[in-house]
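What follows is one structure encoded as structure tokens, with my remarks underneath.
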Amino acid sequence: FLKSFFKLVDRAAVAADAGTCSEIGRDMLKRNGSVVDAAIASLLCVSLVNAQSMGIGGGGVFTIYNVETINARETAPMSASENMFGKYPKNAKPGLFIGTPGLLRGYELAHKRHGRLQWKELFEPSIKLALDGFQVGRALLQYIQCFYIFCSCLSILSSEVFCGSHNKSILKENDTIRFLQLAHTYKKIAEEGPDAFYDGSLTQDILDDIKAAVLNEYALNFTVGKYIFLAPDAPFGGPVLALILNILKVQIMKHFISGYNISSSSVSTTEKTLTYHRMIEAFHFADVQKRKLGDPDYENLTEIVKRMTSESLADNIRSKIKDDLKQSSYYEQEDSDGVPDDHGTSHLSVLAEDGSAVAVTSSINT
């Protein structure tokens, strides 16, 4: 089952959500860069090509083999509170809940510990790409068009980057887009380091908060059958992944585990529709549990994580999954708002010839 999702490679692999960015990471490995070098260089590219999903104004999490996690998520403003949005979150003023970016601090810490190439080398391909420009892809175009509904090409938001000549019309698919100001920012960060990103426009207090917010944490350790998994702990998705795997209990290698015993044959026969149905149901139930996770610095999540990674919860949920369709109320949502529209996140994985590996998830949407 697992093997069917992977392409076998002879030496190394870089998988980003944009082909150009995967190639940049590959080139870093060819220059004897580490997996972290390749990941950072690729992500700087993704911040351009899929600017709607991630960027240096956001945050992320690194999982580095063998085995370390780096939490570079954004931090909430000091004036933020649990009930600051009241009953009408869409009416809240955006400036009140802008998170303090942590991604560059995460890059800095990961590179300091595991990088082999010079810091500035990681920025060079993306600086060139931002200056030369590239064709707008469908994913980015969709978000540009969405913003254009609310913002004309005369607005500050869209004028320089997302509109055509003389700021009169919105860019179309395959038009060339350039990020000239971001290229300038990349140059400064490449030459002076991450401190340049925060100098002047943010106060020293915020800068100190950012430095303190990048945490080097132990990975969440959980077992499924005979196999040990390591993933980022709360507030990231490690506990959710553990719950999904425990619900499904897939066949790993040649070892069958109690549960559905999903294997390669489960998705290659007429039973595959039922298999996919069960997988989707597991994801739905796990998503309900996901919303119980918060910031471990402010909430005691020990018991919540312990329960989410337990076989007893997985067994209980599996008993509720029926092999037919159900309404949304079937998932026992704990609030009336339903599942939020969760989008705008990028993921990248790098595997090097020496066996080292890194997986990074990054987002500008908190």
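Numbers run from 1 along the shown chain.
Cβ coordinates are placed from backbone N, Cα and C, and glycine is handled just like the others.
Those TrEMBL annotations? Automatic predictions, nothing curated.
Now, the feature entries from TrEMBL:
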ACT_SITE  THR345  active site, nucleophile
BINDING   ARG73, SER363, ILE364, ASN365  L-glutamate binding site
REGION    329-351  region 'Disordered'
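In this structure the alpha carbons, written CA, of THR345 (active site, nucleophile) and ILE364 (L-glutamate binding site) are 7 Å apart. If you count neighbouring Cβ atoms within 10 Å for each of the recorded positions THR345, SER363, the highest count belongs to SER363.
Around the Cβ of ILE364 (L-glutamate binding site), the number of neighbouring Cβ atoms within 10 Å comes to 22.
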